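Colleague: Mind having a look at this structure? Questions to follow.
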Amino acid sequence: MIKVGVFGALGRMGSEVVRAVEAEADTELVAGIDSADEREKVLGADVVVDFTHPDVVMDNLRWLVDHGIHAVVGTSGFDEARLAEVRALLDARPGANVLIAPNFGIAAVLMMNFAAKAAPHFESAEIIELHHPNKADAPSGTAYRTAELIGAARAEAGLDAAPDATTSELPGARGTQVEGVRVHALRITGMIAHQEVVFGTHGETLTIRHDSMNRESFMPGVLLGIRRVAALPDRLTLGLESLLGL
Ligand SMILES: NC(=O)c1ccc[n+]([C@@H]2O[C@H](COP(=O)([O-])OP(=O)(O)OC[C@H]3O[C@@H](n4cnc5c(N)ncnc54)[C@H](O)[C@@H]3O)[C@@H](O)[C@H]2O)c1
Ligand SMILES: O=C(O)C1=N[C@H](C(=O)O)CCC1
């Protein structure tokens, strides 16, 4: 039996994780805590799942690593500087592994993987992410990671910057840039989590689209993380790709 704690248990994702952990035969909920609770309630857990907020997740991770508890993290906001900080934390303390996944949807992971594969073959590439309007961060962690993957694939292929003749622009009209890739963030009532990656070359375009229709869609990936995090070969794993054999 895997003993699981949940940080952010009253939130949209955390409450779904609590339900999923309670429903499985091989996982047991030690405690679900939210911002008003003491973290000590999860002592005794093998794994803690964090779906909180980018402003608090680093402090939570520090605490988990200090206490030797494996962490499965879905909270967004992990840029290279934060990942370096997590590596330093892990180097200083033996014991816990950390899995950080920008998106636990299996189809979302495939979408990112396909986008990275397509990237060297197109001179233009832009990302449109669409989410519910209660989302705190923009662009999404998924869009950020997708842009990093596309940027790296373009650089490796020796591609120049994507063509763009814009010389006059209202601020924001062309989105933001991550690793040279334009990212546009939409916040739309009725939506959950969606992304389009649009590629173009002469006479052909390719659009790769992913849609999460509900938050249950993330649970198979979260449960996979819970089951595998303790035995992962690296102390820090980024994304579900290696767990899916990608
Ligand atoms: N990786 C993925 O697949 C995935 C999927 C969905 C959402 N997310 C990310 O997960 C995060 C949470 O999303 P959400 O929609 O559930 O947000 P939410 O606002 O519904 O839930 C966050 C919860 O965390 C609680 N919280 C805040 N600080 C805390 C603390 N210090 N300790 C414990 N709990 C605390 C809040 O009170 C709230 O209940 C966001 O960063 C979001 O981008 C990731
Ligand atoms: O609902 C959210 O918030 C989501 N956040 C993640 C992100 O920032 O990419 C994953 C999708 C849902």
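Keep in mind that glycine also has a Cβ here, set from the backbone N, Cα and C atoms.
Features from TrEMBL:
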ACT_SITE  HIS131  active site, proton donor/acceptor
ACT_SITE  LYS135  active site, proton donor
BINDING   GLY8, ALA9, LEU10, GLY11, ARG12, MET13, GLU38, GLY74, THR75, SER76, ALA101, PRO102, ASN103, PHE104  NAD(+) binding site
BINDING   ARG39  NADP(+) binding site
BINDING   HIS132, GLY141, THR142  (S)-2,3,4,5-tetrahydrodipicolinate binding site
DOMAIN    2-104  domain 'Dihydrodipicolinate reductase N-terminal'
DOMAIN    108-240  domain 'Dihydrodipicolinate reductase C-terminal'
Colleague: Work out, from DSSP, the number of helix, strand and coil residues along the domain 'Dihydrodipicolinate reductase N-terminal' (2-104).
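Modeller: Taking the domain 'Dihydrodipicolinate reductase N-terminal' (2-104) as a whole: 39 helix, 24 strand, 40 coil.
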Colleague: Using all protein chains in view, find how many other C-beta atoms are within 10 Å of the C-beta of THR142 ((S)-2,3,4,5-tetrahydrodipicolinate binding site).
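Modeller: I get 25 for this one.
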Colleague: Measuring CA to CA, name the entry from the recorded positions HIS131, HIS132, LYS135, GLY141 that ends up nearest ALA101 (NAD(+) binding site).
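Modeller: Nearest in space to ALA101 (NAD(+) binding site), counting only the recorded positions, is GLY141.
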Colleague: When the Cα of ARG39 (NADP(+) binding site) is compared with the Cα of each of the binding-site residues GLY8, LEU10, THR75, GLY141, which one is closest?
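Modeller: If we rank GLY8, LEU10, THR75, GLY141 by Cα distance to ARG39 (NADP(+) binding site), first place goes to GLY8.
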Colleague: In DSSP terms, helix, strand or coil for HIS132 ((S)-2,3,4,5-tetrahydrodipicolinate binding site)?
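Modeller: Its secondary structure by DSSP: coil.
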Colleague: Restricting attention to the domain 'Dihydrodipicolinate reductase N-terminal' (2-104), give the mean pLDDT.
Modeller: 97
